[in-house]
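Working notes for the structure below.
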Amino acid sequence: MLPSQPLLHTVVLALTVLQALASDTFIAAVYEHAVIQPKDTYKPVSPDNALALMNKNMDVLEKAIKEAAQQGAHIIVTPEDGIYGWRFTRETIYPYLEDIPDPAVNWIPCTDPTRFAPAPVQERLSCMARNNSIYVVANIGDKKPCNSSDPGCPSDGRYQYNTDVVFDPEGKLVARYHKYNLFMSETQFNYPKEPEAVTFETPFGKFGIFTCFDILFREPAVVLVSELQVDTVLFPTAWMNVLPFLTAVEFHSAWAMGMGVNFLAANTHYTIMSMTGSGIYAPDGARRYYYNMKTEDGHLLIAELDSHPRLSHASPPAVNWSSYASSVKRFSPNDHDFGGLIFYDSFTFTELTKPEGNLTVCQKDLCCHLSYKMAGKQEDEVYVLGAFDGLHVVEGQYYLQICTLLKCKSTDLNTCGQPVETAQTMFEMFSLSGTFGTNYVFPEVLYSGVQLAPGEFEVLNDGRLISKTRPTKPVITVTLFGRWYEKD
């Protein structure tokens, strides 16, 4: 006799849990989604029309979730804005929002859809998780009524939040996170009154979650990792790439290495706005990543990760980021420093005029040291060593200390710092370090074609980022990206 459907689900779920418990690893998935956008975001649509658009996107996500589960994934992350898109006003996004309860209510929308009705999006996401026995992470909108007794209550009588939700393999809502650091264009949403540090336990480690722009700030990002000691961070994002330092795959990989955690980043795919770049990152480098500015296709990534990366033999040792740089004398003092802009920040540069050598460039309290040898200097390519020590103030205010070896756009030094995607020059070796005032430094090497270099460089415990391969692939940047949160 065949088992009933509920019994079969229970058996499958139990086997999934036992499999995860028996292993020190788990299978992670992220899906980069080419979001189906609403046709008109300048006037409100009916709730039925809003749901129809969201169902079109969820149809695509459901296929990715089924495929990930069939390949053994225990959890899948989908992007920020992945269910309804963006470019809304406060009024036009309202039909897309649902009231999302606190997970403490112990709710499975798939089996009890009317308890907090109407919630068709939560019901469908819950059923995707339940029917495929997989954790599902999605980004939707939350609405909360308020009244005049609340001095912060908006004039329309409601709060609207950019919100991440997590459903476990039973379909239960186990996490809800309201984005705290809104990007400047997110006027359709409210800021939460207090930052939230959202974590949840799984059979394969402790997880935390935040959204996109949150990664650049102490709360909640650093709190989750340094204070709450999560093993893995879930990261729905709609990331617009900004070369040379803030491409999605580059910065997210660097952040995972600098923080010593697993990082599951799911980006939207919309090349008109330079949105691409998703990945599954470990402390020792990228396990899988995807960057594609040529087509408009979605893409599923799946990789195995250590459940507790801090306990793994592959976990990098603790780094004193200023140890080496503070102990050496300034390399090759020169009179050829010049200024340039990178993403509106005023860097101090010095040119690599020889095929090999030692250089130092300083700005304020930060001195960046570079030892290098090129594998044949290309005459039509110019590289510089750059330093920035200051407050970035464009789309937010955050204090940076950056040391970088980077290729200029052309032989004209005025182009140094402008976006570059290709290079020909390879290096026999490089060693980059800086006198950082912060312990939060994110290392990364970016090759020609916006390709990462997992396993091809390492960070020594004295703070030097050094090459391991000889020669390297053609280099765009070698960067130590420091965040000094206390100076924000």
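For all residues, glycine too, the Cβ spot is worked out from N, Cα and C.
Noted in TrEMBL for the protein shown:
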- GLU80: active site, proton acceptor (ACT_SITE)
- LYS179: active site, proton donor (ACT_SITE)
- CYS212: active site, nucleophile (ACT_SITE)
- 31-307: domain 'CN hydrolase' (DOMAIN)
- 1-22: signal peptide (SIGNAL)
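Applying an 8 A CB threshold to same-chain residues 6+ apart, the list for the residue listed as 'active site, proton acceptor' reads ASN139, ASN162, THR211, CYS212, PRO236, THR237, ALA238, THR268.
The average pLDDT for the domain 'CN hydrolase' (31-307) in the predicted structure is 97.
Spatially close to LYS179 (active site, proton donor) yet at least six residues away along the chain are TYR161, ASN162, THR163, ASP164, GLU186, PHE189, PRO192, PHE210, THR211, CYS212, PHE213, ASP214, judged by Cβ distances under 8 angstroms.
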